[in-house]
Amino acid sequence: MESASSSLATSGRRRSSSGGGGGSWGSIGSAADPFDIPAKGAPVESLKKWRQAALVLNASRRFRYTLDLKREEQREEVISKIRAQAHVVRAAFRFKEAGQVHVQQKEVAAPPVDGALGFGIKEDQLTALTRDHNYSALQQYGGISGVARMLKTDTEKGISGDDSDLTARRNAFGSNTYPRKKGRSFLAFLWDACKDLTLIILMVAAAVSLALGITTEGIKEGWYDGASIAFAVLLVVVVTATSDYKQSLQFQNLNEEKQNIKLEVVRGGRRISVSIYDLVAGDVVPLKIGDQVPADGILISGHSLSVDESSMTGESKIVHKDQKSPFLMSGCKVADGYGTMLVTAVGINTEWGLLMASISEDSGEETPLQVRLNGVATFIGMVGLSVALAVLVVLLARYFTGHTYNPDGSVQYVKGKMGVGQTIRGIVGIFTVAVTIVVVAVPEGLPLAVTLTLAFSMRKMMRDKALVRRLSACETMGSATTICSDKTGTLTLNQMTVVEAYFGGKKMDPPDNVQVLSASISSLIVEGIAQNTSGSIFEPENGQDPEVTGSPTEKAILSWGLKLGMRFNDTRTKSSILHVFPFNSEKKRGGVAVHLGGSESEVHIHWKGAAEIILDSCKSWLAADGSKHSMTPEKISEFKKFIEDMAASSLRCVAFAYRTYEMVDVPSEDRRADWILPEDDLIMLGIVGIKDPCRPGVKDSVRLCAAAGIKVRMVTGDNLQTARAIALECGILSDPNVSEPVIIEGKAFRALSDLEREEAAEKISVMGRSSPNDKLLLVKALRKRGHVVAVTGDGTNDAPALHEADIGLSMGIQGTEVAKESSDIIILDDNFASVVRVVRWGRSVYANIQKFIQFQLTVNVAALIINVVAAVSSGNVPLNAVQLLWVNLIMDTLGALALATEPPTDHLMQRPPVGRREPLITNVMWRNLIIMALFQVIVLLTLNFRGTSLLQLKNDNQAHADKVKNTFIFNTFVLCQVFNEFNARKPDELNIFKGITGNHLFMAIVAITVVLQALIVEFLGKFTSTTRLTWQLWLVSIGLAFFSWPLAFVGKLIPVPERPLGDFFACCCPGSKQAADAKGDDADHSDV
């Protein structure tokens, strides 16, 4: 279910790290447990292994919403073929061009083109140009400017972008969409539901029963038994298919959201944000590091632009793009630098569009919890099958020895006196009972419950500003023990403004008071701001305020530049950019070399970045009058004092410096791409302090995490003083005087040995001046210590840490596409409070699954014991096939819907994280389950054996008395499940009604179940072998079921040991003990 772009890299990104899901059945299992798979990047062999681990009765039903391994292989084959085809075409053109390298080329006229709805070039010609990387054709069209003219595009201002222009371009060159394979139809889900082996057997039994019933009793009375079983099976099939189909539609919608990338385009001279689907041929698109190339196109201009084309070519090679290699392919990622491109082909006309149209997106996904529950289902299924076979043997033995009786008390089988039809009908009845026991005993609804709760949670999380890219992240988030959060934009508002400035050797007050500076230093500052930026300024012709675009830091600096009197476009035209060193989060600075317009030889190299890092490279500084002075130790101390003062006020400190250079020393244009900009002997211009306010509510969110047993750690590129001030403001630090290792600098952490790093990682609350690699080292150290780590990130260099973490959380607003594709969840509003809401939902997923397990196993145990004991002792079962199918429907589908959609509560954030290797069935669940199951078994078996006298039916004839008694047992059993559903909502809370009015679906399902039960008992007796009950018996039935509530209340007062029950069994059994030890060792040495 990952986004289109990430799906191509799935196979390459597989890895076998990350802790798995833990034991399948309590503590059952070993280090080689096939049902224990990693949460991220599980090897294909592991995924194949668990499917073959044990007897699986209903594979088609069991493996719903798990990874379709065969389809994954087919998808890879399709991708490989399309890549190979593209390779051949491009190789042919390159070979042709290589032969022309030493041939003197004459001026070639542009080939004849036919106008396309008023444009100077046709769709197929434009598509072929970029698809084939045909540089010769580009030159014949007049280069990039010629193609732009044909597309009626201004390379500076873009297209006009009005509705008529966009419509004309879509009509001429297509839209940036591609035909998607339709999702599976409802009929396909119906067919899958029909493949359930036990249901097939029941349908066969229904057909045989129908035929024999009509033969022996006539059509008027003989069709009831067979038809009622068939109808019950059909109902199960329809409800199952409907539920699956609904979940499928939800996942499709979420998949659409994941692919709907927002990007900037230049239209009418201004940068605006549009959906990737709204892109048209002729659009001018700015590109920066981490962006996905949104369509095929040609590079207009770029600086140090490198592109990762591995998603299209399959080769992990970074390709440099310039005027000699200008073709950009849709779907590729910008690895470095920035530039602008002209869109030439969109949608299905691109290689990416063809690729996406050829593969299916909805490939399913494995989640550890799904696999663990499949392990539980397999174990219980084997027990159920064994019991059903035992019941079958016992009933057949009793039948053929004359120990089974008809409702009127007569013997069912008398040797030599029974016809073949009657004998077969009796055997079919017995066989149906045994198969139905399997239906009830095998909890196929467990994996479905995971899908239901995940789909529900994902839909609700969208409203809470979180887009889930990987299903298993939902459940893993519930186990998170630590969150490593960025500062900027996550803990802060990302609304930056320059509030302090130190230029010319003194503080400017206010910070835009340019009058204190000479014209020479002012022009240098403005030149450095305008040229050394990836942002832009649009100046409206009507005199309105300029529109500033770019990253928050760039916008703050550009806005400050405007206050200094900077005219952005004029300043940029006064000098030309020779080379750019894009801002790098490792080096924490960016630079640009510009050739001054009025001089043939003078070059300025401007640097901007972290204040103390720029300061270390400066040998001199400029005074307010423009005079140059050496950087003395006293002056360095003065600068450092100003930096510390700003940092103590939680300001981000950015320094500006420059140096002069000679044009003769600048490398020639063909070698300039490898030029390393000089960063020594710099001249300090000054420092600005940028304020980024702390987000409202962050302190409360951090406090909530602490109460939930989750430690929040701040990892930032800012210096330690700024980091300390923000951490105190956000509540991450409580003591301003803490020292290492609680607050540590990235380089200090980096210098530690592996063992020291692990020990320090436990204590770290704040890491300042950290690089993306430091964040990665912190994540690895924490995971080695057994933590389940969630990490936030927005930059391209954050991708390794996001991928390494148990849960990678990227930012939806400031995050790059590379970061988003390496993440598991996208935080759409970049807000830390949304991260905490994701934790709540993660815990809710796990809690809801446990509620459903408790509820379902109670039904399993009670139904099995009642029918087995009754069958063995009397030869008859109180709950027949149709009744058990109805119970199965309540339990598997309606129960899953009711309990899997419980919204998260504050109670979830008042307990520690759930360990992923903790048993799925806790001691609290065992206690509740045993109490409820015992209560139901005792009550219903008492009714089975003493019901006639207890219900005062002795005066009735035997057949009617038995029918009333069995109906009463069936009715009480179903009502017990209804009342127990309320108990299951709050397994460890006394108030089971808390928040119940907020869950409308739960209330609706309970109401529907009760109404249908009343209809079945009162009006559908012919089909279900029941009879109408008096209102007195209804009251008694409700009273017995109601007793579940006070019993559960008292039961919850019984304390349970903290140690899992499985450990007690392991202590008693040497083999189990070894297995448990092995599992413990595995946990210690895994990446959990």
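Glycine too: its Cβ is placed from the backbone N, Cα and C atoms.
According to Swiss-Prot, the active site, 4-aspartylphosphate intermediate annotation covers Asp486. Neighbours of Asp486 (active site, 4-aspartylphosphate intermediate), defined as other CB atoms within 10 A of its CB across all chains, total 25.
Less than 8 angstroms from the CB of Asp794 (Mg(2+) binding site) sit Asp486, Gly489, Ser810, Met811, Gln814, Gly815, Thr816, Ala819, Asp830, each of them six or more residues away in the same chain. Annotation comment: Swiss-Prot describes Asp794, Asp798 as Mg(2+) binding site.
Sequence-distant contacts of Asn532 (N-linked glycosylation site), defined as residues of its own chain at least six apart whose C-beta falls under 8 angstroms from its C-beta, comprise Gly590, Gly591, Val592, His606, Trp607, Lys608. Taken from Swiss-Prot, the feature N-linked glycosylation site applies to Asn532 (among others), supported by sequence analysis.
The N-linked glycosylation site annotation in Swiss-Prot covers Asn569 (among others) and rests on sequence analysis. The secondary structure of Asn569 (N-linked glycosylation site), as reduced to three states from DSSP, is helical. Within 10 Å of the C-beta atom of Asn569 (N-linked glycosylation site) sit 12 other C-beta atoms, taking all shown protein chains into account.
For the recorded site, Asn737 (N-linked glycosylation site), the DSSP three-state label reads coil. Residue environment of Asn737 (N-linked glycosylation site) contains 6 other Cβ atoms, counted within 10 Å of its Cβ in all protein chains. Marked as N-linked glycosylation site by Swiss-Prot on the basis of sequence analysis: Asn737 (among others).
Per Swiss-Prot, topological domain 'Extracellular' is recorded for 360-375 (among others), and the stated evidence type is a curator's inference.
Feature annotation from Swiss-Prot assigns topological domain 'Extracellular' to 447-851 (among others).
Per Swiss-Prot, topological domain 'Extracellular' is recorded for 902-919 (among others), and the stated evidence type is a curator's inference.
Per Swiss-Prot, topological domain 'Extracellular' is recorded for 1022-1030 (among others). The average per-residue pLDDT of the prediction over the topological domain 'Extracellular' (1022-1030) is 86, rounded to a whole number.
Marked as transmembrane segment by Swiss-Prot: 199-219 (among others).
What Swiss-Prot lists as transmembrane segment is 222-242 (among others), and the listing cites sequence analysis.
Taken from Swiss-Prot, the feature transmembrane segment covers 339-359 (among others).
Residues annotated as transmembrane segment in Swiss-Prot: 376-396 (among others).
For the transmembrane segment (426-446), the list of distant contacts is 57-58, 61-62, 196, 198-199, 201-202, 205, 208-209, 212, 225, 229, 373-374, 376-377, 380-381, 383-385, 387-389, 391-392, 395-396, 399, 404, 412-413, 418, 852-853, 856-857, 859-860, 863-864, 867-868, 871, 877, 880-881, 884-885, 887-888, 891-893, 895-896: same-chain residues at least six beyond its ends, Cβ to Cβ under 8 Å. For 426-446 (among others), the entry in Swiss-Prot reads transmembrane segment.
Annotated transmembrane segment per Swiss-Prot: 852-872 (among others), in sequence order, evidence recorded as sequence analysis.
Per Swiss-Prot, transmembrane segment is recorded for 881-901 (among others), and the stated evidence type is sequence analysis.
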Exercise. Quick one: do the transmembrane segment (222-242) and the transmembrane segment (376-396) reach 3+ CB pairs under 8 Å, ignoring pairs fewer than 6 apart in sequence?
Worked result: no
Exercise. For Asp798 (Mg(2+) binding site), which residues in the same chain are close in space, meaning a Cβ under 8 Å from its Cβ, but six or more apart along the sequence?
Worked result: Pro772, Lys775, Val791, Ser810, Ala819, Ser822
Seminar exercise, completed: Across the topological domain 'Extracellular' (902-919), DSSP labelling yields 5 helix, 0 strand, 13 coil
Exercise. Sequence-remote contacts (6 or more beyond its ends) of the topological domain 'Extracellular' (1022-1030), Cβ cut-off under 8 Å?
Worked result: 224-225, 227-228, 231-232, 880, 882-883, 886, 960, 963-964, 966-968, 970-971, 1016, 1037
Exercise. To the nearest whole angstrom, what is the C-alpha distance linking Asn569 (N-linked glycosylation site) and Asn737 (N-linked glycosylation site)?
Worked result: 47
Problem set entry | For the transmembrane segment (376-396): best-contacting stretch of 339-359, 852-872, 881-901, 1001-1021, 1031-1051, by Cβ pairs under 8 Å | 852-872
Exercise. Considering only Cβ pairs under 8 Å, which range in 339-359, 852-872, 1001-1021, 1031-1051 makes the most contacts with the transmembrane segment (920-940)?
Worked result: 852-872
